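**Q** The structure's right below; bear with me while I get my questions together.
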Ligand SMILES: Nc1ncnc2c1ncn2[C@@H]1O[C@H](COP(=O)(O)OP(=O)(O)OP(=O)(O)O)[C@@H](O)[C@H]1O
Ligand SMILES: [Mg+2]
């Protein structure tokens, strides 16, 4: 619990890779970091944990010089770093920021080199062939390949996350020790197998004599890969511990300041009603021949490896991409190839996964964002009423627990998890009959995730059909009645009942038939 | 459980690569459509209009449009960052006014030219202060500096046309190499320099990054504000240098000349962004666009059109090509909306 008791041990060992003392950062009047101490040792993967908005990304941005802290000290490998940090990479700091930082209209290759000055000087020519070779090798190491000439706008959220990973790896030479590598929720948009590959990579880097700071809300992977953890609450460090000495319950209690026994809500215990969504042979970008039914009161998951079609299926159903063939019926109404506005009118709502592209208007205020779908209803005598908007926004923000409760703040001023809550609240207010959730808990802390999912479960028990598209197997196994697994755009397995476990989902995603044969043959509803 | 050993989940499914090949062909068409139009237009003009078969017409065309070309190239420097610098044409005139006023009153060009360049750098810094530091919208801020500089030009010249440029200035712009005036050579050199910077260097890509998503650029560790400030200063300096060319080219300065150079360079730059590296402001596209416009206008004028045809032609060509590029881009994006 206390850092003090550990200090002597620390001093006996080698110099820490990072030593942060009394770091403080305020935005206007609001305190984001109050008094933060953090020590990261050489050779360890150090988890930085805490609720949404507790200041994790603020710390990262302070270390990489994106923002300047108000006071405090930072030492990297025993060298005092002048604040605000300039040229972080010269201190051996490499980072994947939470917002990933890619430019849609540029190619993957052009995005990749941006943090490494394309391997050259500002006004010297870029050696494109060498750039290609470097990134092809790095992609081999992560085991994932994308077209280097594709525009980033064509990539799915998980592919974008992988681009960011590959980009940061360039700054992390695997032979060199003495680096500090910071990953701010790199796995939030990654399905389990890809996330695992990244975790192994982090482990390797740490073992070679660097240090890794790993931020994640997925405690399972934290327990699996990290050596130590620092838990933050409201801008302070409240717990520093070795992972072996703790468990998830203790960590969550430290994060939230209260104990939480179950991490996920249970699926509603209702007998499925009439069929709400009937999809037949649906084909579109990536998706091939998808056929399934979802009944009222059912919670159905869709998963697969990155790029296997689950994200695309969500977009297709929500009207974000064009249907090639097949039919979609919602409550008997034909919505095949309908526009998003018709789909929404029919009661089917998509909470998109690519928050920064499809979900929010970063410069707009929280209230403008959250009331967007209902603005036409918030009128007094014909014109839009600010007071009605304010009232509605406050009600919605309180409903999903947005922190801070500040309707006027631009969305960009909220932490990642709170942005996700606003997106969620924006769509839940429509009381959708069919709820399409694409990575609904992406970047949301365990406490808030339980709340958000609880709300979706409530919708299901009152008769909505809930479709969850996600790579988080643990969550799917906990909240779904059944889960359909996609591979190369086709539905290849369906798991339910006792066969529906985190392990069986992973096995089915990887087409490991031996492990799933027992359960892979059930028919659709 | 830990790491999977399955084959990499490639995103290059056969359907996708076939789709890419198709877009490659239409992409190629998009890239070269403007250049193709220029070639066809020249060929048609040469076949149907006798004057087009004389070399002197071509030198006249090159010569007459070099200033606009230089301004258009200058405009791309800031445009690439997603900002505007509307003040360039007026900076050019003000710089020419400083040089004209000083040198015709006996000051040495060795003093007058650095002063004019300093003026350009100052304009750039003020623009950067407003846009980068304070965060004023660049369109508004540089419209302000444009207007202020217009006033300044009148003040410097006492609202008169300053004539009597020395031979040195005139030769600086009008001497010929291989039958082509120097001012045209300057434009061509600038095309090559900008092409190199834009296309080949990290700085060129950074500028796109900044224009594409400023926040992403910051997170990638790019010194966004320093580069944006630099762009405004370079833009101001180039514009002041154009003042020297301007004074030599006309042999005089008319303080009211800024207006007629204000929008054409932007039209050419926008038009140029629909060619070569499509969707991005680029040097070769800009020069192709400008020559296409020049040939079209010259042909119309030879056929008897009046001077108003210039603006009409510029405007229509811009509207058409930008709309065409948008439609092509949408088709290229395929299913995604
Ligand atoms: N640009 C900004 N302006 C004002 N306040 C900000 C800004 N950025 C962050 N904050 C505030 O600072 C606090 C810390 O935010 P931060 O992004 O560091 O949280 P976090 O721990 O990374 O959360 P998450 O897990 O949701 O990503 C939050 O209360 C947030 O609202
Ligand atoms: Mg964060």
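Here the Cβ of each residue, glycine as well, is placed from N, Cα and C on the backbone.
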**Q** Which stretch, out of B:6-24, B:139-157, is listed as transmembrane segment by TrEMBL?
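**A** Range annotated as transmembrane segment by TrEMBL: B:139-157.
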**Q** Below 8 Å between Cβ atoms, which of the listed ranges B:32-49, B:111-132, B:231-250 makes the most pairs with the transmembrane segment (B:61-82)?
**A** B:231-250
**Q** Can the transmembrane segment (B:111-132) be said to touch the transmembrane segment (B:177-198) if we require at least 3 CB pairs below 8 Å and skip pairs under 6 apart in sequence?
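**A** Answer no, regions not in contact.
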**Q** Which listed stretch (B:32-49, B:139-157, B:231-250) has the most C-beta pairs under 8 A with the transmembrane segment (B:288-305)?
**A** B:32-49
